[in-house]
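Visitor: Copying in the features that TrEMBL gives for the protein in this structure:
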type     : residues : note
TRANSMEM : 30-57    : transmembrane segment
TRANSMEM : 141-167  : transmembrane segment
TRANSMEM : 202-222  : transmembrane segment
TRANSMEM : 234-258  : transmembrane segment
TRANSMEM : 270-295  : transmembrane segment
Amino acid sequence: MPLEPPPPPKGLIATFRQVISNSGDSQTSLSAAGCAFFATLSLFPALTALISVYGLAFDVQTAEEQLRVIKHILPPAAYDLIFDRVHALVTQPQSSLTLGLVFSLLVALWSVTASSKSILSALNIVYHAKETRGFLHFQALAFGTTLMAVIGACLTLALMVAAPAIVDYLPRYLGYVGVTMDSFPPSLHFLVEQGTPVLVRWLAPAIMLFFVFMALIVLYRIAPCRDRMTSWRWILPGAFLATLLWVGVSIGFSWYVSHFASYGTTYGPLGAVAAVMMWLFVSAYVVLFGAVLNAELEERGYRRTVRKEMGVPVKGTDH
(Lines of atoms letter the chains of each structure in order from A; the text may use other names.)
(Lines give C-alpha, C1' and ligand atoms only; values in the text may rest on other atoms or scores of the structure.)
Protein backbone atom coordinates (compact mmCIF):
# COMPACT_ATOMS: atom_id res chain seq x y z
CA MET A 1 0.00 0.00 0.00
CA PRO A 2 1.64 3.31 -1.06
CA LEU A 3 2.31 5.90 1.60
CA GLU A 4 0.07 8.93 1.68
CA PRO A 5 1.96 12.14 0.93
CA PRO A 6 1.86 14.85 3.60
CA PRO A 7 -0.49 17.80 3.08
CA PRO A 8 0.76 20.52 0.73
CA PRO A 9 3.08 23.02 2.43
CA LYS A 10 1.44 26.24 3.46
CA GLY A 11 2.35 29.50 1.80
CA LEU A 12 4.34 32.07 3.74
CA ILE A 13 1.25 34.12 4.60
CA ALA A 14 -0.62 31.08 5.88
CA THR A 15 2.49 29.95 7.77
CA PHE A 16 2.78 33.29 9.53
CA ARG A 17 -0.90 33.19 10.42
CA GLN A 18 -0.35 29.77 11.95
CA VAL A 19 2.61 31.12 13.92
CA ILE A 20 0.43 33.91 15.32
CA SER A 21 -2.29 31.41 16.18
CA ASN A 22 0.04 28.92 17.87
CA SER A 23 1.94 31.55 19.82
CA GLY A 24 -1.32 33.08 21.00
CA ASP A 25 -2.66 29.95 22.66
CA SER A 26 -2.78 29.49 26.42
CA GLN A 27 -0.01 26.87 26.39
CA THR A 28 2.54 29.39 25.16
CA SER A 29 1.44 31.98 27.72
CA LEU A 30 1.63 29.45 30.55
CA SER A 31 5.08 28.32 29.43
CA ALA A 32 6.32 31.92 29.27
CA ALA A 33 4.84 32.61 32.71
CA GLY A 34 6.64 29.58 34.15
CA CYS A 35 9.91 30.71 32.60
CA ALA A 36 9.43 34.22 34.00
CA PHE A 37 8.73 32.87 37.50
CA PHE A 38 11.87 30.72 37.63
CA ALA A 39 13.93 33.44 35.95
CA THR A 40 12.86 35.91 38.64
CA LEU A 41 13.94 33.49 41.37
CA SER A 42 17.22 32.91 39.54
CA LEU A 43 17.98 36.57 38.84
CA PHE A 44 20.14 37.41 41.86
CA PRO A 45 22.06 34.09 41.82
CA ALA A 46 22.68 34.70 38.11
CA LEU A 47 24.06 38.17 38.80
CA THR A 48 26.25 36.73 41.56
CA ALA A 49 27.61 34.07 39.21
CA LEU A 50 28.14 36.63 36.43
CA ILE A 51 30.12 39.07 38.58
CA SER A 52 32.10 36.25 40.23
CA VAL A 53 33.20 34.69 36.95
CA TYR A 54 33.83 38.08 35.35
CA GLY A 55 35.95 39.15 38.33
CA LEU A 56 38.30 36.19 37.94
CA ALA A 57 39.76 37.60 34.73
CA PHE A 58 38.62 41.21 34.43
CA ASP A 59 38.14 44.34 36.49
CA VAL A 60 34.64 44.13 37.98
CA GLN A 61 34.39 47.93 38.04
CA THR A 62 34.04 47.87 34.25
CA ALA A 63 31.06 45.49 34.46
CA GLU A 64 28.96 48.04 36.32
CA GLU A 65 29.46 50.66 33.64
CA GLN A 66 28.74 48.30 30.74
CA LEU A 67 25.53 47.00 32.29
CA ARG A 68 24.11 50.49 31.83
CA VAL A 69 23.41 49.42 28.24
CA ILE A 70 20.26 47.67 29.49
CA LYS A 71 18.91 50.89 30.98
CA HIS A 72 16.78 51.67 27.94
CA ILE A 73 15.21 48.21 27.69
CA LEU A 74 14.19 47.83 31.33
CA PRO A 75 11.53 49.69 33.31
CA PRO A 76 13.22 52.24 35.62
CA ALA A 77 12.24 50.42 38.83
CA ALA A 78 13.47 47.10 37.45
CA TYR A 79 16.72 48.63 36.25
CA ASP A 80 17.34 50.23 39.64
CA LEU A 81 16.73 46.90 41.38
CA ILE A 82 19.19 45.05 39.15
CA PHE A 83 21.78 47.83 39.06
CA ASP A 84 21.74 48.24 42.86
CA ARG A 85 22.45 44.53 43.22
CA VAL A 86 25.27 44.69 40.68
CA HIS A 87 26.72 47.72 42.47
CA ALA A 88 26.63 45.84 45.78
CA LEU A 89 28.42 42.87 44.21
CA VAL A 90 31.01 45.04 42.49
CA THR A 91 31.89 46.99 45.64
CA GLN A 92 32.48 43.83 47.66
CA PRO A 93 36.08 42.64 48.05
CA GLN A 94 36.81 40.28 45.18
CA SER A 95 38.11 36.82 46.06
CA SER A 96 40.69 34.88 44.16
CA LEU A 97 39.98 31.42 42.78
CA THR A 98 39.64 29.58 46.10
CA LEU A 99 37.71 26.46 47.04
CA GLY A 100 35.14 28.61 48.84
CA LEU A 101 34.57 30.80 45.79
CA VAL A 102 34.24 27.76 43.53
CA PHE A 103 31.67 26.24 45.89
CA SER A 104 29.70 29.51 46.11
CA LEU A 105 29.82 29.86 42.34
CA LEU A 106 28.57 26.31 41.80
CA VAL A 107 25.69 26.93 44.23
CA ALA A 108 24.75 30.11 42.35
CA LEU A 109 24.92 28.33 38.99
CA TRP A 110 22.83 25.45 40.30
CA SER A 111 20.20 27.91 41.49
CA VAL A 112 20.05 29.43 38.02
CA THR A 113 19.51 26.03 36.38
CA ALA A 114 15.86 26.15 37.47
CA SER A 115 15.36 28.88 34.90
CA SER A 116 17.24 26.90 32.25
CA LYS A 117 15.14 23.79 32.91
CA SER A 118 11.95 25.78 32.51
CA ILE A 119 12.96 27.14 29.10
CA LEU A 120 14.10 23.67 27.96
CA SER A 121 10.71 22.26 28.91
CA ALA A 122 8.90 25.15 27.23
CA LEU A 123 10.75 24.55 23.95
CA ASN A 124 9.79 20.87 24.14
CA ILE A 125 6.16 21.98 24.25
CA VAL A 126 6.63 24.24 21.22
CA TYR A 127 8.12 21.40 19.17
CA HIS A 128 5.62 18.84 20.51
CA ALA A 129 8.60 16.85 21.76
CA LYS A 130 8.40 14.37 24.63
CA GLU A 131 11.21 14.58 27.16
CA THR A 132 13.03 11.24 26.94
CA ARG A 133 16.43 12.34 28.20
CA GLY A 134 17.37 10.81 31.52
CA PHE A 135 17.37 12.80 34.76
CA LEU A 136 21.13 13.24 34.83
CA HIS A 137 21.24 14.08 31.11
CA PHE A 138 18.56 16.74 31.49
CA GLN A 139 20.19 18.21 34.62
CA ALA A 140 23.59 18.28 32.92
CA LEU A 141 22.12 19.97 29.85
CA ALA A 142 20.40 22.61 31.99
CA PHE A 143 23.57 23.22 34.01
CA GLY A 144 25.69 23.37 30.86
CA THR A 145 23.25 25.82 29.28
CA THR A 146 23.49 28.01 32.38
CA LEU A 147 27.28 27.85 32.44
CA MET A 148 27.54 28.72 28.74
CA ALA A 149 25.17 31.66 29.25
CA VAL A 150 27.23 33.05 32.15
CA ILE A 151 30.55 32.60 30.34
CA GLY A 152 29.06 34.10 27.18
CA ALA A 153 27.76 37.08 29.14
CA CYS A 154 31.20 37.57 30.70
CA LEU A 155 32.92 37.52 27.32
CA THR A 156 30.29 39.91 25.98
CA LEU A 157 30.96 42.35 28.83
CA ALA A 158 34.69 42.04 28.17
CA LEU A 159 34.19 42.84 24.48
CA MET A 160 31.97 45.78 25.37
CA VAL A 161 34.76 47.11 27.58
CA ALA A 162 37.49 46.47 25.02
CA ALA A 163 35.64 47.76 21.95
CA PRO A 164 36.23 51.52 22.53
CA ALA A 165 39.91 50.87 23.24
CA ILE A 166 40.20 48.84 20.03
CA VAL A 167 38.59 51.64 18.02
CA ASP A 168 41.03 54.12 19.58
CA TYR A 169 44.05 51.87 18.96
CA LEU A 170 43.18 50.82 15.40
CA PRO A 171 44.43 54.01 13.64
CA ARG A 172 47.82 53.70 15.36
CA TYR A 173 47.99 50.00 14.48
CA LEU A 174 47.36 50.88 10.84
CA GLY A 175 50.13 53.47 10.89
CA TYR A 176 48.04 56.63 11.11
CA VAL A 177 49.88 58.04 14.13
CA GLY A 178 49.89 61.82 14.05
CA VAL A 179 47.49 62.00 11.13
CA THR A 180 45.46 65.22 11.27
CA MET A 181 42.04 65.96 9.87
CA ASP A 182 43.69 67.89 7.04
CA SER A 183 45.11 64.61 5.78
CA PHE A 184 41.63 63.39 4.94
CA PRO A 185 39.63 64.54 1.93
CA PRO A 186 37.06 67.24 2.87
CA SER A 187 34.25 64.83 2.09
CA LEU A 188 35.51 62.53 4.86
CA HIS A 189 35.96 65.18 7.57
CA PHE A 190 32.41 64.86 8.86
CA LEU A 191 32.52 61.06 8.66
CA VAL A 192 35.73 60.82 10.70
CA GLU A 193 34.77 63.48 13.24
CA GLN A 194 31.25 62.24 13.86
CA GLY A 195 31.57 58.60 12.93
CA THR A 196 34.08 57.55 15.58
CA PRO A 197 32.01 58.68 18.62
CA VAL A 198 28.88 57.14 17.11
CA LEU A 199 30.74 53.89 16.45
CA VAL A 200 31.99 53.73 20.03
CA ARG A 201 28.55 54.57 21.38
CA TRP A 202 26.74 51.86 19.43
CA LEU A 203 29.37 49.13 19.68
CA ALA A 204 28.24 47.99 23.14
CA PRO A 205 24.54 47.55 22.22
CA ALA A 206 25.54 45.85 18.96
CA ILE A 207 27.77 43.39 20.81
CA MET A 208 25.00 42.68 23.32
CA LEU A 209 22.48 42.01 20.53
CA PHE A 210 24.94 39.70 18.79
CA PHE A 211 25.31 37.74 22.02
CA VAL A 212 21.52 37.45 22.35
CA PHE A 213 21.28 36.29 18.74
CA MET A 214 23.98 33.65 19.18
CA ALA A 215 22.50 32.48 22.49
CA LEU A 216 19.12 31.96 20.84
CA ILE A 217 20.71 30.01 17.99
CA VAL A 218 22.39 27.62 20.45
CA LEU A 219 19.23 27.35 22.56
CA TYR A 220 16.98 26.52 19.61
CA ARG A 221 19.57 24.01 18.42
CA ILE A 222 20.15 21.94 21.57
CA ALA A 223 17.13 22.51 23.81
CA PRO A 224 14.29 20.47 22.22
CA CYS A 225 14.41 16.72 22.89
CA ARG A 226 14.36 15.33 19.37
CA ASP A 227 15.85 12.39 17.48
CA ARG A 228 18.02 14.83 15.57
CA MET A 229 19.14 18.38 16.19
CA THR A 230 17.22 21.06 14.37
CA SER A 231 18.90 22.13 11.13
CA TRP A 232 20.55 25.54 11.15
CA ARG A 233 18.29 26.45 8.27
CA TRP A 234 15.25 26.30 10.54
CA ILE A 235 16.91 28.07 13.46
CA LEU A 236 18.23 31.33 12.04
CA PRO A 237 14.87 32.94 11.06
CA GLY A 238 13.36 32.55 14.53
CA ALA A 239 16.56 33.63 16.28
CA PHE A 240 16.88 36.74 14.11
CA LEU A 241 13.23 37.74 14.49
CA ALA A 242 13.22 37.01 18.23
CA THR A 243 16.29 39.21 18.73
CA LEU A 244 14.69 42.14 16.91
CA LEU A 245 11.35 41.64 18.67
CA TRP A 246 13.06 41.41 22.05
CA VAL A 247 14.71 44.79 21.56
CA GLY A 248 11.55 46.46 20.26
CA VAL A 249 9.19 44.93 22.80
CA SER A 250 11.57 45.62 25.69
CA ILE A 251 11.93 49.28 24.74
CA GLY A 252 8.17 49.57 24.26
CA PHE A 253 7.45 47.88 27.58
CA SER A 254 9.94 50.13 29.37
CA TRP A 255 8.29 53.21 27.84
CA TYR A 256 4.82 51.95 28.78
CA VAL A 257 5.80 51.29 32.39
CA SER A 258 7.53 54.67 32.66
CA HIS A 259 4.53 56.63 31.36
CA PHE A 260 1.38 54.66 32.13
CA ALA A 261 1.78 51.62 34.38
CA SER A 262 1.97 52.19 38.14
CA TYR A 263 3.61 49.08 39.53
CA GLY A 264 4.87 51.02 42.54
CA THR A 265 1.37 52.23 43.42
CA THR A 266 -0.24 48.84 42.89
CA TYR A 267 2.39 46.56 44.41
CA GLY A 268 4.13 48.93 46.81
CA PRO A 269 7.65 47.75 47.73
CA LEU A 270 7.23 44.80 45.35
CA GLY A 271 6.69 47.08 42.35
CA ALA A 272 10.24 46.63 41.06
CA VAL A 273 10.00 42.84 41.40
CA ALA A 274 6.67 42.85 39.55
CA ALA A 275 8.17 44.95 36.76
CA VAL A 276 11.15 42.57 36.46
CA MET A 277 8.87 39.53 36.35
CA MET A 278 6.66 41.12 33.70
CA TRP A 279 9.68 42.03 31.58
CA LEU A 280 10.99 38.48 31.91
CA PHE A 281 7.57 37.17 30.88
CA VAL A 282 7.62 39.33 27.75
CA SER A 283 11.19 38.21 26.99
CA ALA A 284 10.31 34.52 27.43
CA TYR A 285 7.26 34.96 25.22
CA VAL A 286 9.41 36.44 22.45
CA VAL A 287 11.86 33.53 22.71
CA LEU A 288 8.99 31.05 22.41
CA PHE A 289 7.54 33.03 19.49
CA GLY A 290 10.82 32.59 17.64
CA ALA A 291 10.72 28.86 18.37
CA VAL A 292 7.14 28.62 17.07
CA LEU A 293 8.23 30.33 13.85
CA ASN A 294 11.12 27.90 13.46
CA ALA A 295 8.85 24.90 14.08
CA GLU A 296 6.34 26.04 11.48
CA LEU A 297 9.02 26.77 8.88
CA GLU A 298 10.58 23.38 9.53
CA GLU A 299 7.22 21.64 9.10
CA ARG A 300 6.68 23.57 5.87
CA GLY A 301 10.09 22.52 4.60
CA TYR A 302 9.50 18.89 5.59
CA ARG A 303 6.26 18.73 3.64
CA ARG A 304 7.88 20.30 0.61
CA THR A 305 10.85 17.90 0.69
CA VAL A 306 8.78 14.74 1.16
CA ARG A 307 6.33 15.65 -1.59
CA LYS A 308 9.23 16.32 -3.98
CA GLU A 309 10.79 12.94 -3.15
CA MET A 310 7.43 11.21 -3.75
CA GLY A 311 6.95 13.01 -7.04
CA VAL A 312 3.85 14.82 -5.78
CA PRO A 313 3.34 18.42 -6.95
CA VAL A 314 4.41 20.97 -4.37
CA LYS A 315 1.95 23.78 -4.01
CA GLY A 316 1.65 26.20 -1.11
CA THR A 317 -1.60 27.71 0.05
CA ASP A 318 -2.21 31.12 1.50
CA HIS A 319 -5.56 30.53 3.10
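Just so you know, glycine gets a Cβ as well, placed from its N, Cα and C.
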Visitor: Are there residues at least six beyond either end of the transmembrane segment (202-222) with Cβ under 8 Å to its Cβ atoms? List them, or say none.
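Guide: Counting only partners 6 or more residues beyond its ends, the transmembrane segment (202-222) has Cβ contacts under 8 Å with 66, 69-70, 119, 123, 141, 145, 148-149, 152-153, 156, 159-160, 163-164, 167, 229-230, 232, 235-236, 238-240, 242-243, 246-247, 287, 290-291, 294.
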Visitor: Within the same chain, where does the transmembrane segment (30-57) have neighbours whose Cβ lies under 8 angstroms from its own Cβ atoms, ignoring anything closer than 6 residues to its ends? I mean 6 or more beyond.
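Guide: Result: 63, 82, 85-86, 89-90, 94, 97, 101, 104-105, 107-109, 111-115, 117-119, 121-122, 125-126, 150-151, 153-154, 157-158, 273, 276-278, 280-281, 283-285, 287-288.
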